[in-house]
Amino acid sequence: MCSRVWFITDRRISQEYPQIQILRALKERCVEDDVEFRYLLMDEIVLTITDGQLGLRVGQEIVTSYPQVAVVRVPTPWVQSDSDITVLRHLEKMGCRLVNRPQAILNCVNKFWTFQELAGHGVPLPDTYSYGGHDNFRKMIDEAEPLGYPVVVKNARGHRGKAVFLARDKHHLSDLCHLIRHEAPYLFQEYVKESHGRDVRVVLVGGRVIGSMLRCSTDGRMQSNCSLGGVGMMCPLSEQGKQLAVQVCNILGMDVCGIDLLQKNDGSFVVCEANANVGFIAFDQACGMDVAGIVADFVLSLLPSRLSRKMSLLSVVSSTSETSSEPEVCIPTEVIIPSEVCIPNEICPLGTTCPIPDAMSTMSTSSTSSESEADLTETGPTPVGANPAYNINSLLASEMKLLTE
């Protein structure tokens with residue numbers, strides 16, 4: 001049976017960095033492994049049910065060869081269950097393994113839905129309130145008082161750090177009520193003061209942490225999104241942080257995701273957000289990684305032919321280990337931190353001094369802490385902080401030391 005992989009994305013984000021890089025990597029891997037590949041935009045697909053059987057058309061073409069695995073990149077804040085999710089459900093019902101699955105995407109479309117899924121699993125979360133009804137923001141001004149002030153206010157479908165506010169007091173909340181748009185509900189969330197202006201973005205592929213990046217605001221604002229002028233730096237993550245990110249990923253059922261963590265003074269973490277359509281332009285640059293290539297390798301590993309091969313290899317290894325008397329030897333691989341992502345003129349976590357005079361000044365902006373890293377056209381030079389004495393290199397060094405203690 002011929003192996004087939006599809007890449008499906010939304011026309012609105014098809015020309016952005018993550019989609020372009022995943023398309024490149026998938027094409028390369030499929031050519032190397034003799035896998036049939038097809039690239040489609042969501043609005044090109046026509047769903048059919050004929051003679052009681054599910055089918056697909058692309059334009060006037062009746063599709064007869066379906067993929068075993070399909071990578072999906074949709075702008076999660078704008079996902080519509082009556083259109084986008086319907087297409088993905090159709091493919092899933094036809095036996096296609098989706099990365100990510102429809103339910104995993106839905107779990108991250110709305111920030112409160114994400115917390116609903118995580119609640120009850122022992123995941124540390126900031127106390128959060130929301131509301132039903134179309135426009136009950138004003139009523140929540142009184143209802144959310146137990147959270148204290150200042151309080152974080154977020155649009156449930158916000159993205160890229162937008163529609164996020166820090167309300168100083170009740171009067172400030174009343175002012176916000178007149179300014180915000182009410183298409184989606186808002187969250188009222190406990191303010192984690194210790195993590196103001198910084199968070200840790202953890203990227204996972206196939207349920208495994210592939211890297212982590214410390215993000216810091218450069219202008220004193222609460223959000224640390226690189227798309228808003230924040231800067232990112234590769235940083236090692238404690239075992240507790242890794243385990244928490246993996247736990248969140250598994251609960252939400254995601255294959256590829258970004259988990260944003262806030263850190264308290266005692267070194268513990270709380271979950272800020274989860275991103276099913278994680279962007280990785282700044283992550284690639286900060287960590288010296290090719291996330292798209294890692295995603296492509298994972299996707300091809302899901303093909304039935306690969307899974308069968310893995311089972312055969314496991315069988316051989318198992319029988320060999322039972323008959324062999326030789327002890328297994330694990331050879332540790334050398335950990336290399338690229339010099340271009342080290343902290344300039346400071347001490348790296350591994351104890352070496354970085355020679356680069358100002359690596360952080362070359363960092364590009366990344367997308368969002370929230371769902372999708374849409375609209376890379378907004379990326380630009382990092383704004384200069386309001387305080388001229390603000391030293392981002394010193395801040396990053398101290399934060400990385402805190403994270404690894």
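Cβ atoms here come from the backbone N, Cα and C positions, even for glycine.
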Which of these, R138, R168, R215, does Swiss-Prot list as part of the ATP site with K154, Q189, E190, Y191, V192, K193, E194, S195, H196, G197, R198, D199?
R215
Least Cβ-packed of the binding-site residues E190, E194, D260, E273 (other Cβ atoms within 10 Å) is E194
Whole-number Å value of the largest CA-CA distance among K154, Q189, E190, Y191, V192, K193, E194, S195, H196, G197, R198, D199, R215, listed as ATP-binding:
20
R198 (ATP binding site) versus binding-site residues D260, E273, N275 - nearest by Cα
D260
Between K154, H196, which of the binding-site residues has its C-beta surrounded by the fewest other C-beta atoms within 10 Å?
H196
